[in-house]
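J.: Structure in structure tokens, see below.
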4 protein chains.
Amino acid sequence: MKKIAVFTSGGDAPGMNACIRAVVRTAVYHKLEVYGIGRGYNGMIQGEIYRLFSHSVSNIIQKGGTILKSARCLEFHTPEGRKRAYEQISKFGIEGIVAIGGNGTFTGAQIFHKEYGIPIMGCPGTIDNDLFGTDYTIGYDTAVNTALDAIDKIRDTADSHERVFFVEVMGRDSGYIALPCAIGGGAEMVMIPETITSMSEVIETLQQGWRRSKTSFIIIVAEGDDEGGATEIAAKVKQALPQMDAKVTIIGHVQRGGTPTAADRLLSSQMGMAAVEGLIAGRANEMVGVMNGEIVYTPFHDTITKKKPISESFLRLVEVLSV
Amino acid sequence: MKKIAVFTSGGDAPGMNACIRAVVRTAVYHKLEVYGIGRGYNGMIQGEIYRLFSHSVSNIIQKGGTILKSARCLEFHTPEGRKRAYEQISKFGIEGIVAIGGNGTFTGAQIFHKEYGIPIMGCPGTIDNDLFGTDYTIGYDTAVNTALDAIDKIRDTADSHERVFFVEVMGRDSGYIALPCAIGGGAEMVMIPETITSMSEVIETLQQGWRRSKTSFIIIVAEGDDEGGATEIAAKVKQALPQMDAKVTIIGHVQRGGTPTAADRLLSSQMGMAAVEGLIAGRANEMVGVMNGEIVYTPFHDTITKKKPISESFLRLVEVLSV
Amino acid sequence: MKKIAVFTSGGDAPGMNACIRAVVRTAVYHKLEVYGIGRGYNGMIQGEIYRLFSHSVSNIIQKGGTILKSARCLEFHTPEGRKRAYEQISKFGIEGIVAIGGNGTFTGAQIFHKEYGIPIMGCPGTIDNDLFGTDYTIGYDTAVNTALDAIDKIRDTADSHERVFFVEVMGRDSGYIALPCAIGGGAEMVMIPETITSMSEVIETLQQGWRRSKTSFIIIVAEGDDEGGATEIAAKVKQALPQMDAKVTIIGHVQRGGTPTAADRLLSSQMGMAAVEGLIAGRANEMVGVMNGEIVYTPFHDTITKKKPISESFLRLVEVLSV
Amino acid sequence: MKKIAVFTSGGDAPGMNACIRAVVRTAVYHKLEVYGIGRGYNGMIQGEIYRLFSHSVSNIIQKGGTILKSARCLEFHTPEGRKRAYEQISKFGIEGIVAIGGNGTFTGAQIFHKEYGIPIMGCPGTIDNDLFGTDYTIGYDTAVNTALDAIDKIRDTADSHERVFFVEVMGRDSGYIALPCAIGGGAEMVMIPETITSMSEVIETLQQGWRRSKTSFIIIVAEGDDEGGATEIAAKVKQALPQMDAKVTIIGHVQRGGTPTAADRLLSSQMGMAAVEGLIAGRANEMVGVMNGEIVYTPFHDTITKKKPISESFLRLVEVLSV
């Protein structure tokens with residue numbers, strides 16, 4: 001293997017740049033030529049491919065976003081799109097690819113590999129942490145800390161005004177962000193897709209607090225909770241308890257940006273290095289993960305189809321610590 | 001004067017604790033007894049009044065929120081409520097009051113002073129900075145920095161995905177928060193209540209950017225803009241430009257919390273000291289302000305009725321720097 | 001078991017308060033009475049022991065330092081001191097203790113347990129992360145992020161001025177803080193106690209960089225490196241390369257303070273809960289740890305005597321990524 | 001005027017990039033060509049001069065350091081050096097220059113203007129805030145907030161351990177950074193070059209605190225205090241009070257880096273615009289300043305020779321609020 005490429009795809013995540021840097025530097029270390037592909041599969045189809053050097057990735061480890069940019073690409077879903085992508089890749093003589101993204105990215109990579117045989121290794125770049133095959137995904141630790149920082153600020157106001165705050169964090173399908181935010185934010189309750197939310201229990205708990213004159217509450221809501229996002233849930237609560245001063249804050253896209261934390265820079269660096277060394281070792285069609293502190297490789301198929309469970313012991317922590 | 005009291009009222013603002021600390025310490029320095037009143041005018045009515053010492057305010061200068069808590073109080077709008085408040089105040093022998101809050105707080109203080117003659121000095125505690133009689137209000141600098149920090153994070157994502165972001169910051173009646181956020185956040189446009197927003201110009205600017213392949217935009221919207229908040233404005237834009245990937249982020253209550261900045265701690269400390277020394281010097285019925293670096297006093301009446309204009313030169317900065 | 005106590009000892013670490021909170025709340029959850037002991041073993045000897053309730057630990061999860069305070073205690077090294085401590089503990093009817101601290105704390109606890117039989121469980125509260133029996137210690141993640149934040153700021157200046165910076169981070173006996181700081185800070189070199197530092201190699205690397213006009217360097221030094229701290233190492237370099245503009249920054253005690261990160265709040269909460277539930281289950285004389293995401297218990301004796309090795313793969317990351 | 005240039009010189013300061021951006025954008029807005037000069041006067045002499053466009057300064061407003069880099073330049077002190085610089089400037093047809101830096105920078109600019117007549121306008125880029133002719137310098141607000149953030153973290157540890165901390169902040173000739181750090185950090189004392197420090201008073205105050213069992217102190221020391229830096233002062237204190245657990249922290253170069261605050265971005269933007277519009281209006285040989293919220297222009301000669309006094313009322317605040 002002499003030439004490899006790297007791209008980012010799907011929603012951006014803090015640490016993607018640290019991962020790109022690690023891919024480039026590891027390639028240089030092993031005397032490979034390395035190319036960047038701009039805007040995910042779009043750039044692959046349109047030949048937005050350029051050489052990267054060690055200095056190209058200087059001073060990016062601390063930057064949010066992705067210097068290679070990211071975008072959705074409908075054309076890659078078509079055989080024609082993938083054919084054009086392969087032609088571009090071939091033109092540059094690229095023999096292996098590192099794809100940084102989530103399940104959508106890996107699904108495309110799997111098909112592409114099947115059709116054209118080019119080895120692709122994936123790095124899990126998504127703040128959601130709901131990918132099977134790794135304890136943590138790139139950007140997750142940063143996103144949790146960003147959300148927690150916002151929750152700390154909201155608590156100042158909640159305490160000063162004796163209010164109930166419903167704070168919505170990201171997580172369409174999982175409570176991975178919501179759960180540590182609830183524990184770390186000292187929240188009174190957490191609502192996540194993985195468990196059934198009982199509105200009557202929620203209302204009962206608030207009323208109980210009210211009775212023993214506890215009047216400031218923070219409730220963390222994962223955006224994809226079965227009872228809806230924070231706005232819907234707050235509306236249901238207000239209907240039952242109209243006297244309650246309930247406020248809603250949706251932390252939103254802020255969670256995707258910002259300087260990556262130490263843990264995310266470390267994880268991204270490890271994964272980028274492992275992806276390149278995996279390609280060199282002849283691996284393909286797998287996602288790099290870190291489990292129990294060790295690098296592991298999971299076939300794209302498993303990553304895409306298997307579900308990572310939420311920690312039961314964390315759910316118990318929320319319950320015990322909010323007494 | 002031997003005994004004074006201090007309370008916070010209205011929306012909380014970072015720096016209120018630094019101001020409380022300065023009031024207490026200045027009182028102690030001048031050998032006055034000082035009392036805290038909890039939950040604004042409510043605590044005054046209900047006698048929630050307790051002695052504060054120098055050490056009572058140790059280690060609070062860096063804390064968001066208000067240790068005295070804050071709340072709305074409908075009862076103080078009634079003559080009966082104010083009578084009860086005066087009785088409580090008298091019971092403790094309090095001869096002067098420092099009120100930290102905004103226009104609502106000062107309106108109550110003015111009436112109370114008129115009816116019962118007790119000297120009250122105000123400190124402008126509100127993140128909105130729209131109070132006449134001071135260049136800056138307590139919490140404003142912190143709120144702007146908090147909003148800017150969120151905007152920086154959003155820019156990471158906007159750049160990576162080539163998206164248009166409408167970011168809503170606080171400001172029901174003014175663009176005081178929005179304007180420095182737009183300049184400091186490198187935003188392409190700003191929409192504030194003080195100027196008429198032309199939706200057709202907004203759309204035209206976005207289309208022009210589009211044509212010269214500028215596809216990432218950040219537009220700051222004050223919540224009280226004449227064309228609506230960020231959600232409404234984004235909806236209007238999407239109707240005209242359906243191809244645009246427009247996202248909305250409402251920064252919300254996060255702006256009210258957090259550790260106060262250096263400037264806010266300094267301002268709050270200056271104002272708290274000036275309020276107490278004003279009372280000692282026989283002043284009453286005035287708001288402390290800082291203008292051009294000097295302490296100034298403005299009658300409550302002027303603060304409440306006069307409008308502080310927005311800086312024309314800042315508006316020009318947004319225009320020039322977004323070329 | 002009906003009454004337990006908790007104290008902090010040794011150097012403070014961010015997350016100690018989150019751990020105290022978890023101890024108190026878990027005790028309350030299990031219907032135990034819980035007491036706080038002030039200033040470590042000093043407070044135990046002097047009977048500085050007071051009841052804690054669920055609300056006593058409200059709103060402390062995000063606070064640096066320790067509300068129970070910490071101090072060294074020479075008297076506890078003597079049989080008389082420990083006797084007095086046991087008398088105080090007995091007076092309050094305390095039947096189990098959670099000690100939050102490091103090796104010094106656990107050494108005292110082990111002797112105390114041996115002499116008086118009172119069950120003690122330890123939580124590893126130290127930023128250094130060099131305790132055997134846990135993947136992470138309380139405060140470590142925060143300290144690394146604090147140091148990294150400083151290194152990011154220094155890089156701004158290093159890049160602008162083309163300078164060499166020697167940045168000293170904490171770590172008298174280990175490179176646990178230095179290593180992730182070097183990887184995450186994109187440092188060119190790292191010097192830690194666990195490996196032999198060759199000054200001639202350091203100088204050679206700087207000269208090589210100089211030749212290919214790389215003139216801005218960041219070198220992370222653990223305070224206990226075999227060649228000395230940053231000041232000494234910089235002096236040696238300057239002697240060999242007098243033309244070099246070498247600056248030294250010692251991050252220092254800042255690393256011990258600050259709001260704990262999400263990971264530290266989570267870890268502290270888990271450990272505090274596990275310590276109390278361990279006591280209830282009849283455990284004693286052990287340190288709670290988290291290894292591979294699971295709670296584990298290690299006898300004090302092992303924690304104190306065994307050495308936790310540094311990660312070889314992290315050392316390799318620094319080398320590969322600085323090409 | 002058709003072509004102008006911009007450079008940064010002297011110690012870097014957060015906000016320099018925001019100022020460069022404003023210079024470039026304002027030039028573009030007024031249809032001027034604009035050039036960047038790398039590494040201060042060095043780049044001028046060596047012809048390190050390149051065209052800048054509006055997009056060249058995209059996404060730099062939030063970045064610490066300076067994209068144009070900075071360096072000392074001994075050669076510019078010689079007539080030959082300045083002659084070479086003028087030849088380079090002339091080659092590019094540059095008719096006006098914006099110099100971002102401090103007194104050293106302006107001294108060079110003044111001589112250069114005198115010798116060659118080229119109009120130069122200065123922007124005060126230094127964290128020290130000790131320049132005559134402006135209320136604030138670029139980077140000052142950020143540096144104070146950075147130092148304050150460190151002081152907040154140190155207070156956590158000081159409180160937990162009952163220690164005395166001597167914290168050294170930048171300020172070789174002035175207490176401009178030290179003073180707001182002392183007020184905002186709730187410090188017990190401040191030592192600055194502008195006032196005479198009495199070691200016997202310092203020791204007396206510490207002893208008094210000790211007697212009323214106040215055992216945690218934070219003392220802010222400007223590096224250029226008449227009694228020495230923090231290390232020297234702590235040594236003198238330890239000699240007199242050997243029982244005291246006195247620690248030293250030198251915040252150091254961290255103060256020069258980091259993302260500029262909102263106030264610094266605003267100030268830098270205003271100044272950059274005013275410098276360019278000053279050049280267009282025929283101004284030369286002056287430093288742009290902001291006083292009482294308004295743009296003012298001060299001849300280089302005054303800036304260099306006059307001394308900006310420290311605020312007496314801030315000194316009083318430290319005294320009153322530490323009771």
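Positions of Cβ are set from backbone N, Cα and C atoms, glycine also.
Source: prediction; values computed, not measured.
As annotated in TrEMBL:
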ACT_SITE  D:ASP128  active site, proton acceptor
BINDING   D:GLY11, D:ARG72, D:CYS73, D:GLY102, D:ASN103, D:GLY104, D:THR105  ATP binding site
BINDING   D:ARG21, D:ALA22, D:VAL23, D:VAL24, D:ARG25, D:ARG155, D:GLY186, D:ALA187, D:GLU188, D:ARG212, D:LYS214, D:THR215, D:SER216  ADP binding site
BINDING   D:ASN103  Mg(2+) binding site
BINDING   D:THR126, D:ILE127, D:ASP128, D:ARG163, D:MET170, D:GLY171, D:ARG172, D:GLU223, D:LYS247, D:HIS253, D:VAL254, D:GLN255, D:ARG256  substrate binding site
DOMAIN    D:3-278  domain 'Phosphofructokinase'
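Describe each of these features in terms of where it is and what it packs against.
T.: In the three-state DSSP scheme, D:ASP128 (active site, proton acceptor) falls into the coil class. Other Cβ atoms within 10 Å of the Cβ of D:ASP128 (active site, proton acceptor), summed over all protein chains shown, number 22.
Neighbours of D:ASN103 (ATP binding site), defined as other CB atoms within 10 A of its CB across all chains, total 20. Look at D:ASN103 (ATP binding site): DSSP puts it in a helix.
In sequence order, the list of same-chain residues 6 or more apart from D:LYS214 (ADP binding site) whose Cβ falls under 8 Å from its Cβ is empty.
Listed in sequence order, D:ASP128, D:PRO193, D:GLU223, D:GLY224 are the same-chain residues six or more apart from D:ARG172 (substrate binding site) with CB atoms under 8 A from its CB. DSSP assigns D:ARG172 (substrate binding site) to coil in the three-state reduction, placing it in neither a helix nor a strand.
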J.: For the binding-site residues listed here (D:GLY11, D:GLY102, D:GLY104, D:GLY186), which one has the lowest count of neighbouring CB atoms within 10 Å of its own CB?
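T.: Counting other Cβ atoms within 10 Å of each of the binding-site residues D:GLY11, D:GLY102, D:GLY104, D:GLY186, the minimum falls on D:GLY104.
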J.: From the binding-site residues D:GLY11, D:GLY104, D:ARG172, D:GLU188, D:LYS247, keep only those with a C-beta under 8 angstroms from any C-beta in chain B, and list them in sequence order.
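T.: So none of them sit by chain B.
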J.: Determine, using Cα-Cα distances only, which of these binding-site residues is closest to D:THR126 (substrate binding site): D:GLY11, D:ARG21, D:VAL23, D:ARG72, D:GLY186.
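T.: Going through D:GLY11, D:ARG21, D:VAL23, D:ARG72, D:GLY186 one by one, the Cα closest to that of D:THR126 (substrate binding site) is D:GLY11.
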J.: Using C-alpha atoms, which one of the binding-site residues D:ARG21, D:VAL23, D:GLY186, D:GLU188 comes nearest to D:ARG256 (substrate binding site)?
T.: D:ARG21
J.: Measuring Cα to Cα, how many Å separate D:GLY104 (ATP binding site) from D:MET170 (substrate binding site)?
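T.: One finds 18 Å between the Cα atoms of these residues.
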J.: Taking just the CA atoms, what is the gap between D:ASN103 (ATP binding site) and D:MET170 (substrate binding site) in Å?
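T.: Between the Cα atoms of D:ASN103 (ATP binding site) and D:MET170 (substrate binding site), the distance comes to 17 Å.
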J.: If you measure Cβ to Cβ, which of the binding-site residues D:CYS73, D:LYS247, D:VAL254 are under 8 Å from chain C?
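T.: Listed binding-site residues passing the 8 Å Cβ cut to C: D:LYS247, D:VAL254.
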J.: For the binding-site residues D:CYS73, D:GLY102, D:ARG256, which ones lie near chain A, with a CB less than 8 A from one of its CB atoms?
T.: none
J.: Which of the binding-site residues D:ARG25, D:ARG72, D:GLY186 has its Cα nearest to the Cα of D:LYS247 (substrate binding site)?
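T.: Result: the closest of the binding-site residues to D:LYS247 (substrate binding site) is D:GLY186.
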J.: Average the pLDDT scores across the domain 'Phosphofructokinase' (D:3-278) and report the rounded value.
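T.: In the predicted model, the domain 'Phosphofructokinase' (D:3-278) has a mean pLDDT of 96.
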